[in-house]
Amino acid sequence: MWAFLRDHNYHVSKHLTSNLLMSVMVLSTSVFTFGFETAVLSTVQAMSQFEKRFGEWNPETEKYFISPSKLAYLNSFPLIAYAVGVVVAAQISERWGRRIIVLIMNTICIGGVLLSLFAKNYGQTLGGRMLIQIHVGMEAYLVPMYVAELVPAAIRGAMVATYAFSHILAAFIASIITNFTSRIDGHASWRIPIGLIMIFPSVVLVTSFLIPESPRWLLRKGRFEEAVDNIYYLRGADRDYPAEEEARLILETIHNATSQGRWNELFKGTNARRTWVGILAAASTQLTGQSFASNYGTVLLKSLNVMDPFTATMIKRAVVLAACIFVIVFVERIGRRRLCLIVGSMCAACLLIMGGLGTITPRQTDTSNGILALTIIFPVLYMVGFGSMYALTFWRALEICKKLIIARSLEEIDEMVESKVPAWRSREWKSSGLGSKLTELVNRDKEVLSEGKGDHVEHLDTK
């Protein structure tokens, strides 16, 4: 099959061939899995049947509920597994290659889904989530780098940008499914969306033969002939494509690269600036308080008792998807830094208002409606403001400084703390505006970040 595809490769566009497109689509399906499973797991925890199976009885309200501490564990402990997945993927991919990680992480994902699907108690569902988050961590480390190493430089930015879009599109589709299954009586309401997760890693495993090993990794390991063959498989729509010449150019850039070395070199020379920019960008995206909206959003909407929380979640993810498309289309015209400073300040205002409304007691219908509107507005502003700068500072830096795994790990530590704080403080979510106290400080961090419009990553060090 591989030989057939190698000999029947066709141009889709100037820089995109059919084999390259299929490889990117398989990796995008893996990203789709990430977005779908994350959205499903954060939504089903608000379903009544899920609370009945894994929660406890509240004699005051005469309803089942998941206690704040258990909810906190359910959303924060899996992030430890996420960090483990990042580190393990980094070590394995460096030693044995990128492609094997695709097989390992999707197999782990299927195992986590099965455990979550047939969980009988709280410990089992927590274990299932932790297995799934190992997959998410491995995927988050691997896919942007893998795509960047497979595609030519001319379309690398556009291909890597599909990462966020695939994730958000998957979350939107997941919200449609959970909106309908939430109306089903019985445990099928949460089991159906969890079971559907298994479709995507299964598809990736079946089609993984379409993805070649990274030519860059092969060249670094001295396997020149294999690298040439893989380059021709990806780009050789023309019979006379100079795959060997391209391999030599890549090999030359590898020899001239400065991103390899010891971990302490992260904080030396120009790498120090890259490292701190990556850490600031990664940490700031979590310090905004977005993890509250991501992990507890549906549960919060349910507590407001204004409208169906699953319908509201679907609406929220639809407008976030539109915001993602807006960023992809207009970010180069408007400018990342301008979007970040202006829209980021609007994020701060949104959180401050939401936190203020949350302190009003007793809560009136108008107050609840205001909080509902802000929970939809905030992620849209977050995507437009912080998402545009985050893509610049982390994903583009990842192409040349793979050791920024440290920044990614620090991000997850930040998110783990943020995920635990809201649930620990109060069942009534009185701390929902916590992130607003940090958002203005975070916006000041953006003042040290360059625009990056039209530049290569290497140029960022001089700005």
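In case you wondered, yes, glycine gets a Cβ from its N, Cα and C as well.
Given the structure is predicted, the values throughout are model-derived calculations rather than measurements.
Quick look at what TrEMBL annotates:
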- 20-44: transmembrane segment (TRANSMEM)
- 23-463: domain 'Major facilitator superfamily (MFS) profile' (DOMAIN)
- 71-93: transmembrane segment (TRANSMEM)
- 99-118: transmembrane segment (TRANSMEM)
- 130-148: transmembrane segment (TRANSMEM)
- 160-180: transmembrane segment (TRANSMEM)
- 192-211: transmembrane segment (TRANSMEM)
- 314-332: transmembrane segment (TRANSMEM)
- 339-360: transmembrane segment (TRANSMEM)
- 372-395: transmembrane segment (TRANSMEM)
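For the transmembrane segment (192-211), the list of distant contacts is 1-2, 5, 19, 22-23, 26-27, 29-30, 32-33, 36-37, 40-41, 43-44, 99, 102-103, 106-107, 109-110, 113-114, 116-117, 132, 135, 150, 174, 177-178, 181, 184: same-chain residues at least six beyond its ends, Cβ to Cβ under 8 Å. Here the transmembrane segment (99-118) has Cβ contacts under 8 Å with residues 26-27, 30, 33, 37, 41, 85, 89, 92-93, 124-125, 127-135, 138-139, 142, 146, 191, 194-195, 197-198, 201-202, 204-205, 208, 211-214 of the same chain, all six or more residues outside its ends. Mean pLDDT, taken over the domain 'Major facilitator superfamily (MFS) profile' (23-463), works out to 78 on the 0 to 100 scale.
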